[in-house]
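What TrEMBL records for GLY10, SER11, GLY12, LYS13, GLY14, THR15, ARG124, SER133, TYR134, SER196 is ATP binding site. Sequence annotations record features per position, and here TrEMBL assigns AMP binding site to ARG36, ASN53, LEU54, ILE55, GLY82, TYR83, PRO84, ARG85, GLN89, ARG157, ARG168. Annotated region 'LID' per TrEMBL: 123-160, in sequence order. Feature annotation from TrEMBL assigns domain 'Adenylate kinase active site lid' to 124-159. Summarising the annotation, TrEMBL assigns Zn(2+) binding site to CYS127, CYS130, CYS147, CYS150.
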Amino acid sequence: MNLILLGPPGSGKGTQGKILAKKYNLFYFEAGDFARELAQKDPRIKNIIEKGNLIPEKEMTQYVDKLLEEKKPAGKNILFDGYPRFVSQYKDLANWLSKRQAKIDKAIFLDISDDIVVNRLSSRRICAECGASYNLITNPPLQENKCDKCQGNLIQRSDDTPLSIKERLAEYRINVEPLIEYLKSQGTLLRVSGESSIADITEDIIKEFDKEGLNA
(Lines of atoms letter the chains of each structure in order from A and count residues from 1; the text may use other names and numbers.)
(Lines give C-alpha, C1' and ligand atoms only; values in the text may rest on other atoms or scores of the structure.)
Protein backbone atom coordinates (compact mmCIF):
# COMPACT_ATOMS: atom_id res chain seq x y z
CA MET A 1 0.00 0.00 0.00
CA ASN A 2 1.32 3.45 -0.97
CA LEU A 3 -0.08 6.57 0.67
CA ILE A 4 0.26 10.32 0.31
CA LEU A 5 -0.35 12.52 3.35
CA LEU A 6 -1.14 16.18 2.73
CA GLY A 7 -2.12 19.05 4.96
CA PRO A 8 -1.15 22.64 5.72
CA PRO A 9 1.50 23.48 8.31
CA GLY A 10 0.12 22.69 11.76
CA SER A 11 -2.38 20.10 10.54
CA GLY A 12 -0.59 17.32 12.42
CA LYS A 13 0.34 15.32 9.34
CA GLY A 14 3.81 14.56 10.71
CA THR A 15 2.25 12.96 13.78
CA GLN A 16 -0.28 11.00 11.72
CA GLY A 17 2.42 10.01 9.25
CA LYS A 18 4.53 8.36 11.93
CA ILE A 19 1.49 6.60 13.42
CA LEU A 20 0.28 5.24 10.07
CA ALA A 21 3.77 4.24 8.92
CA LYS A 22 4.22 2.20 12.09
CA LYS A 23 0.76 0.62 11.96
CA TYR A 24 0.98 -0.44 8.33
CA ASN A 25 4.76 -1.04 8.27
CA LEU A 26 5.42 1.59 5.60
CA PHE A 27 8.65 3.32 4.61
CA TYR A 28 8.17 6.88 5.86
CA PHE A 29 9.31 9.63 3.51
CA GLU A 30 9.03 13.10 5.05
CA ALA A 31 9.65 15.82 2.47
CA GLY A 32 10.73 18.52 4.93
CA ASP A 33 13.36 16.34 6.61
CA PHE A 34 14.57 15.16 3.21
CA ALA A 35 14.95 18.76 1.97
CA ARG A 36 16.93 19.66 5.09
CA GLU A 37 19.24 16.69 4.50
CA LEU A 38 19.84 17.89 0.95
CA ALA A 39 20.55 21.38 2.27
CA GLN A 40 23.30 20.06 4.52
CA LYS A 41 25.13 18.76 1.44
CA ASP A 42 24.40 21.58 -1.00
CA PRO A 43 24.83 25.30 -0.13
CA ARG A 44 22.58 26.29 -3.05
CA ILE A 45 19.68 24.23 -1.68
CA LYS A 46 20.42 25.52 1.82
CA ASN A 47 20.05 29.06 0.51
CA ILE A 48 16.71 28.19 -1.13
CA ILE A 49 15.30 26.69 2.06
CA GLU A 50 16.59 29.44 4.34
CA LYS A 51 14.69 31.95 2.20
CA GLY A 52 11.52 29.93 2.80
CA ASN A 53 11.29 28.73 -0.78
CA LEU A 54 10.69 25.27 -2.21
CA ILE A 55 13.22 23.24 -4.16
CA PRO A 56 12.14 23.55 -7.84
CA GLU A 57 9.50 20.97 -8.82
CA LYS A 58 11.47 18.90 -11.33
CA GLU A 59 14.66 19.05 -9.30
CA MET A 60 12.88 17.76 -6.20
CA THR A 61 11.34 14.97 -8.30
CA GLN A 62 14.81 13.87 -9.41
CA TYR A 63 16.07 13.77 -5.82
CA VAL A 64 13.05 11.76 -4.68
CA ASP A 65 13.35 9.30 -7.57
CA LYS A 66 17.00 8.71 -6.70
CA LEU A 67 16.15 8.09 -3.05
CA LEU A 68 13.38 5.65 -3.96
CA GLU A 69 15.70 3.76 -6.30
CA GLU A 70 18.08 3.31 -3.37
CA LYS A 71 15.61 2.67 -0.55
CA LYS A 72 12.42 1.26 -2.13
CA PRO A 73 13.21 0.13 -5.70
CA ALA A 74 10.08 -2.05 -5.83
CA GLY A 75 7.92 1.03 -5.22
CA LYS A 76 5.74 -0.59 -2.58
CA ASN A 77 4.73 0.16 1.02
CA ILE A 78 5.67 3.84 1.09
CA LEU A 79 4.07 6.76 2.91
CA PHE A 80 4.83 10.14 1.34
CA ASP A 81 4.44 12.99 3.83
CA GLY A 82 4.32 16.42 2.18
CA TYR A 83 5.24 15.14 -1.28
CA PRO A 84 4.14 15.56 -3.99
CA ARG A 85 2.96 19.16 -3.70
CA PHE A 86 2.16 19.78 -7.35
CA VAL A 87 0.15 17.95 -10.01
CA SER A 88 3.28 17.57 -12.13
CA GLN A 89 5.11 15.87 -9.25
CA TYR A 90 2.16 13.56 -8.64
CA LYS A 91 2.07 12.52 -12.28
CA ASP A 92 5.82 11.89 -12.28
CA LEU A 93 5.50 9.80 -9.11
CA ALA A 94 2.53 7.86 -10.48
CA ASN A 95 4.51 7.13 -13.64
CA TRP A 96 7.53 5.94 -11.61
CA LEU A 97 5.28 3.64 -9.58
CA SER A 98 3.37 2.30 -12.59
CA LYS A 99 6.63 1.04 -14.10
CA ARG A 100 6.88 -1.16 -11.01
CA GLN A 101 3.26 -2.33 -11.12
CA ALA A 102 2.50 -0.08 -8.15
CA LYS A 103 0.30 2.96 -7.55
CA ILE A 104 -0.85 5.51 -5.00
CA ASP A 105 -3.69 3.78 -3.17
CA LYS A 106 -4.93 6.78 -1.22
CA ALA A 107 -4.06 10.45 -0.67
CA ILE A 108 -5.13 11.70 2.76
CA PHE A 109 -5.76 15.42 3.15
CA LEU A 110 -5.97 16.73 6.72
CA ASP A 111 -8.40 19.63 6.45
CA ILE A 112 -8.06 22.38 9.03
CA SER A 113 -9.09 26.05 9.27
CA ASP A 114 -6.53 28.84 9.06
CA ASP A 115 -7.48 30.14 12.51
CA ILE A 116 -6.68 26.81 14.16
CA VAL A 117 -3.40 26.54 12.25
CA VAL A 118 -2.34 29.99 13.47
CA ASN A 119 -3.27 29.06 17.04
CA ARG A 120 -1.41 25.76 16.90
CA LEU A 121 1.77 26.99 15.23
CA SER A 122 2.11 30.15 17.30
CA SER A 123 2.09 27.78 20.31
CA ARG A 124 4.77 25.51 18.82
CA ARG A 125 8.20 25.33 20.42
CA ILE A 126 11.31 23.58 19.11
CA CYS A 127 14.26 22.25 21.09
CA ALA A 128 17.34 24.28 20.15
CA GLU A 129 19.53 21.22 20.72
CA CYS A 130 17.78 18.14 19.28
CA GLY A 131 14.95 19.66 17.22
CA ALA A 132 12.13 17.91 19.12
CA SER A 133 8.78 19.66 18.64
CA TYR A 134 6.26 20.60 21.33
CA ASN A 135 3.01 22.51 21.48
CA LEU A 136 2.18 24.56 24.56
CA ILE A 137 -1.51 23.71 24.12
CA THR A 138 -1.71 20.14 22.83
CA ASN A 139 1.70 18.65 23.67
CA PRO A 140 3.50 20.73 26.32
CA PRO A 141 6.90 19.76 27.76
CA LEU A 142 6.99 18.25 31.24
CA GLN A 143 9.19 21.12 32.42
CA GLU A 144 8.53 24.65 31.21
CA ASN A 145 10.80 25.68 28.32
CA LYS A 146 12.89 22.48 28.64
CA CYS A 147 13.03 19.54 26.24
CA ASP A 148 11.83 16.23 27.70
CA LYS A 149 14.46 14.33 25.72
CA CYS A 150 17.68 16.30 26.21
CA GLN A 151 16.82 19.19 28.56
CA GLY A 152 17.71 21.67 25.83
CA ASN A 153 16.06 25.09 25.73
CA LEU A 154 12.81 25.41 23.78
CA ILE A 155 12.55 28.23 21.27
CA GLN A 156 9.93 29.61 18.89
CA ARG A 157 10.80 29.38 15.20
CA SER A 158 11.07 32.76 13.50
CA ASP A 159 8.40 31.70 10.99
CA ASP A 160 5.92 30.68 13.70
CA THR A 161 4.66 34.21 14.30
CA PRO A 162 1.00 34.82 13.28
CA LEU A 163 1.93 37.00 10.28
CA SER A 164 4.50 34.52 8.96
CA ILE A 165 2.07 31.63 9.47
CA LYS A 166 -0.67 33.37 7.48
CA GLU A 167 1.77 34.05 4.63
CA ARG A 168 2.89 30.40 4.58
CA LEU A 169 -0.72 29.21 4.63
CA ALA A 170 -1.67 31.41 1.68
CA GLU A 171 1.29 30.11 -0.32
CA TYR A 172 0.55 26.52 0.64
CA ARG A 173 -3.07 26.69 -0.46
CA ILE A 174 -2.15 28.31 -3.79
CA ASN A 175 0.41 25.57 -4.47
CA VAL A 176 -1.50 22.53 -3.25
CA GLU A 177 -5.15 23.28 -4.10
CA PRO A 178 -4.75 22.22 -7.77
CA LEU A 179 -3.28 18.90 -6.57
CA ILE A 180 -6.18 18.39 -4.13
CA GLU A 181 -8.68 18.94 -6.94
CA TYR A 182 -6.77 16.60 -9.24
CA LEU A 183 -6.65 13.83 -6.62
CA LYS A 184 -10.37 14.30 -6.04
CA SER A 185 -11.04 13.88 -9.77
CA GLN A 186 -8.98 10.68 -9.74
CA GLY A 187 -10.99 9.22 -6.86
CA THR A 188 -7.83 8.98 -4.77
CA LEU A 189 -8.52 11.70 -2.21
CA LEU A 190 -9.59 11.02 1.37
CA ARG A 191 -10.45 14.27 3.14
CA VAL A 192 -10.26 14.01 6.95
CA SER A 193 -10.79 16.72 9.55
CA GLY A 194 -7.49 17.67 11.14
CA GLU A 195 -9.25 19.56 13.93
CA SER A 196 -9.98 16.52 16.12
CA SER A 197 -7.66 14.89 18.65
CA ILE A 198 -4.69 12.87 17.40
CA ALA A 199 -6.39 9.60 18.35
CA ASP A 200 -9.69 10.55 16.69
CA ILE A 201 -7.98 11.56 13.44
CA THR A 202 -6.11 8.24 13.33
CA GLU A 203 -9.34 6.37 14.03
CA ASP A 204 -11.15 8.24 11.23
CA ILE A 205 -8.42 7.34 8.73
CA ILE A 206 -8.31 3.67 9.74
CA LYS A 207 -12.11 3.39 9.54
CA GLU A 208 -12.04 4.72 5.97
CA PHE A 209 -9.23 2.33 5.05
CA ASP A 210 -11.17 -0.60 6.49
CA LYS A 211 -14.27 0.40 4.49
CA GLU A 212 -12.24 0.37 1.28
CA GLY A 213 -10.32 -2.79 2.14
CA LEU A 214 -6.99 -0.98 2.22
CA ASN A 215 -4.27 -2.81 4.08
CA ALA A 216 -0.53 -3.01 3.66
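Our numbering is plain: 1 for the first residue shown, then up by one each step along the chain.
Here the Cβ of each residue, glycine as well, is placed from N, Cα and C on the backbone.
Note that TrEMBL annotation is computational and uncurated.
Overlay of TrEMBL feature records on the structure.
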residue: GLY10; record: ATP binding site; contacts (Cβ under 8 Å, 6+ apart): ILE112, ILE116, VAL117, VAL118, ARG120, LEU121, ARG124, ILE165
residue: LEU54; record: AMP binding site; contacts (Cβ under 8 Å, 6+ apart): ILE48, MET60, ARG85, ASN175
residue: PRO84; record: AMP binding site; contacts (Cβ under 8 Å, 6+ apart): ILE4, THR61, TYR90, ASP92, LEU93, LEU179
residue: GLN89; record: AMP binding site; contacts (Cβ under 8 Å, 6+ apart): GLU57, MET60, THR61, TYR83
residue: CYS127; record: Zn(2+) binding site; contacts (Cβ under 8 Å, 6+ apart): SER133, TYR134, CYS147, LYS149, CYS150, GLY152, ASN153, LEU154, ILE155
residue: CYS130; record: Zn(2+) binding site; contacts (Cβ under 8 Å, 6+ apart): CYS147, LYS149, CYS150, GLY152
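Between ARG36 (AMP binding site) and GLY12 (ATP binding site), the C-alpha separation comes to 19 Å. Overall, the recorded ATP-binding residues GLY10, SER11, GLY12, LYS13, GLY14, THR15, ARG124, SER133, TYR134, SER196 cover a maximum inter-Cα distance of 19 Å. Cβ contacts within 10 Å of GLY12 (ATP binding site), excluding its own Cβ and spanning all protein chains shown: 21. Residues in the domain 'Adenylate kinase active site lid' (124-159) partition by DSSP class (helix H, G, I; strand E, B; coil) as 2 helix, 13 strand, 21 coil. Taking the C-alpha positions, the distance from GLY14 (ATP binding site) to GLY82 (AMP binding site) comes to 9 Å. The two recorded residues GLY82 (AMP binding site) and GLY12 (ATP binding site) have their Cα atoms spaced 11 Å from each other.
A separation of roughly 16 Å, to the nearest angstrom, links the Cα atoms of GLY12 (ATP binding site) and ARG168 (AMP binding site). According to its DSSP assignment, PRO84 (AMP binding site) is coil. Under 8 Å, Cβ to Cβ, and six or more positions away along its own chain, ARG168 (AMP binding site) finds PRO9, GLY52, ASP159.
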